[in-house]
Amino acid sequence: MSWLIIASCVILCCSFSSFFRLEKLGALKWDKVVHGNQAWRLITCIWLHAGVIHLLANMLSLIFIGIRLEQQFGFSTLSVSFCSGSVLSSLFIQRSISVAASGALFGLLGLMLSELLTNWTIYTNKATALITLTVIIVINLAMGILPHVDNFAHIGGFLTDFLLGFVLLLRPQFGWVGRKHLPAGARVTSKHKAYQYLFLVIVMVLLIAGFTVGLVMLFRGENGHDHCSWCHYLSCVPTSKWHCGN
């Protein structure tokens, strides 16, 4: 049985909880993290769901996307996770609690996109794959502008795993043969292309800088909206049908 299926069962057992109890179970709450010495909420919130619909949507995404990636790159690769979604969420959502389970699922979409780009040369229908994946990503992120949806967790998870994909999901270039399989004296070609190594260096710098800046801002008690006046539209767009509040 796939390890992702087993993980899904574990999440299922932990997710059926009424909203008012989520805080006690480890949901993300800004003042608890910053002033209550409860930084562990940045991690525990990714195991919680806000309801049955939220849970089922995530499980379907995990089945259709996660299994494919696990089969290609292994469970150990996909099990590397970070609390990027919850960090970004804490910077911008400070007056209510949040659960960031969906951030990890959006991370899978980020992994798929970066895997496509960094291993571009091995794909045949490149444009079709890129357009299809881009449309899926845009539709899912667009749903996050509805009220009561933490789109900052989605964006944080997507961006972080998009960058991680350039590090974790590198494939050898087409036609590469390891040194041990070549006859003596044969010329050994590079395992990866130059642009793959360039992506790797740039991504490592961006990840380290991003996490450092985000965590410093969070534990200094800063509000992300003070540095980005329009960012609230990324999580909720007010219309005549609903209001976003604060």
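Every residue, even glycine, has its Cβ placed from backbone N, Cα and C.
TrEMBL annotations: computationally assigned, not manually curated.
Residues or ranges marked as domain 'Peptidase S54 rhomboid' by TrEMBL: 37-169. What TrEMBL records for 46-66, 99-117, 129-146, 152-170, 197-219 is transmembrane segment.
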Candidate ranges 46-66, 129-146, 197-219 - greatest C-beta contact count to the transmembrane segment (152-170) (under 8 angstroms): 197-219
Structural state census, the domain 'Peptidase S54 rhomboid' (37-169) (DSSP three-state): 99 helix, 1 strand, 33 coil
Residues from the same chain, set at least six apart from the ends of the transmembrane segment (99-117), whose C-beta lies under 8 A from its own: 11, 15, 22, 27-28, 45-50, 54, 57-58, 61-62, 65-66, 69, 73, 78, 81, 83-86, 89, 123, 126, 129-130, 133-134, 136-137, 140-141, 150, 153-166, 168-169
Remote residues contacting the transmembrane segment (197-219) - C-beta distance under 8 A, at least 6 residues beyond either end: 33-34, 39, 82, 84, 87-88, 90-91, 118, 160, 163-164, 166-167, 170
Cβ contacts under 8 Å made by the transmembrane segment (129-146) with residues that lie 6+ beyond its boundaries: 106, 109, 112-113, 116, 123, 154-155, 158, 233-237, 242
Per-residue pLDDT averaged over the domain 'Peptidase S54 rhomboid' (37-169), given as an integer: 81
